[in-house]
Amino acid sequence: MSENKTRVDNAATGDIKHQGKDIFFAAVETTRMPMIVTDPNRPDNPIIFANRAFLEMTGYASEEIIGSNCRFLQGPDTDRTAVQSIRDAIDQRVDISTEILNYRKDGSSFWNALFISPVYNDAGELIYFFASQLDISRRRDAEEALRQAQKMEALGQLTGGIAHDFNNLLQVMGGYIDLIGSAAEKPVIDVQRVQRSVHHAKSAVERASTLTKQLLAFARKQKLQGRVLNLNGLVSTTEPLIERTFGPEVIIETDLDPALKNCRIDPTQAEVALLNIFINARDALIGRLNPKIFIETRNLVVDELANMSYDGLLPGRYVSIAVTDNGIGMPASIRDRVMDPFFTTKEEGKGSGLGLSMVYGFAKQSGGAARIYTEEGVGTTLRLYFPVDEAVLSKNDPPKASERRIGSSERILIVEDRPDVAELAKMVLDDYGYVSEIVLNAREALKRFEAGATYDLLFTDLIMPGGMNGVMLAREVRRRFPKVKVLLTTGYAESSIERTDIGGSEFEVVSKPCMPQDLARKVRQVLDGPNGIA
């Protein structure tokens, strides 16, 4: 035993030229797996041995790397977090297994499955670090190709679903608008027929708007109006909704943690998310004996070791709400797809397939997660997690919105690159008593201000061509003409607008599409605000 210890100790000094009979180094040399040995007792933990497989994998000669630290394998795209985890493991003298992007001598990159382990002698002294490696580039490339294929499949499903739903809505809108146009040409107008057509066209617009918001929520682009609330209170306020959704034949049980912490989420989107969960649970209970729903809330602490068990939630404190049904459940083949957009097992017309994807997007954008547990024939649990908010829940009633007032001939400059959209906004604002003008780009708007035209409000689209978008225009107008109030509008995503240090929007925003009364109300709020922020 002492003879073996001497051989190992000698090798640890770096004098390995005469260690050919050493079983350890002979095994390392002859294996087909790339391996190196480093000496932690020397400065910078240099390589003291590299086998032939390692040299072939990296393209280096032995004399080029012996005595060097392994960092020469790193390159511009090497993950610095992975590098730091390796350094930490070496400092702590523990095993580590990771995958990292490394570089060969010729500059080409490869994915390296790396395993590092400390080696001790009989006296318990650290003498080596032993590192085995494997080029797994083909596997990683195959995984990336699979992910890309899955993305394309999902994109195809998404675009197909969008086209299907929007074509139906456009058919409704276009058809009823044509009917209104035909009615206007007749000598005697059937008022009831026109009113019915207007009602159906407006309903289609509202459904299209809801569909867009659900898509943006899935993509985590929809702006959420977060405020501090308690999930127990949310359950209480939605009790009538729950009862209407399930009916008297379904038993509803709750277990609400009385010490539940608060969270900051959008209450409207939260209610919509719960409604989608309830609807799916209701459909799963059809035909089941003793149908039952169980709603539970609880506090949760996620640490660094457990975060992957919660879909990568950041370590911290969370609250959760779970809805469990004893319905039909789902097979494993469906479980992993139920939160994909437009994926549905329901019949045509019974669901768009956006409900649970909207739930997923809402939870993610709120800093949380959505998880589903299901067993075919047994039931399903859908649980949402949200970060705890330490702010004190306000006991005051929410402030009421400003009362609607007709405009008093305030002058409004409309900046919109779509003439039809701009003309509609002008008609609406003029009908409400404002005096509005239209320009089609930001440069023209600035020219109006520079020429001495006076306006009380700048109403500008967010996304415009020409090198200056709505935010840039708004900032320039506010800088040069500080008395002018600003209101932005967008049909894309309010998350494109930068946030202030206090967490609010830099400018007030109204989303497209919006009803005329909503636009007029928002304009009134901004005009009444002290600095353009209601």
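Note: Cβ is positioned from N, Cα and C throughout, glycine not excepted.
Taken straight from Swiss-Prot:
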type: DOMAIN; residues: 20-93; note: domain 'PAS'
type: MOD_RES; residues: CYS70; note: S-4a-FMN cysteine
type: DOMAIN; residues: 94-148; note: domain 'PAC'
type: DOMAIN; residues: 161-390; note: domain 'Histidine kinase'
type: MOD_RES; residues: HIS164; note: phosphohistidine
type: DOMAIN; residues: 411-527; note: domain 'Response regulatory'
type: MOD_RES; residues: ASP461; note: 4-aspartylphosphate
Original post:
Whole-number Å distance between the CA of the residue listed as '4-aspartylphosphate' and the CA of the residue listed as 'S-4a-FMN cysteine'?
Top reply: 54
Original post:
According to DSSP, which kind of secondary structure is the residue listed as '4-aspartylphosphate' found in, if we only use helix, strand and coil?
Top reply: strand
Subject >> DSSP three-state assignment (helix, strand or coil) for CYS70 (S-4a-FMN cysteine) >> reply: helix
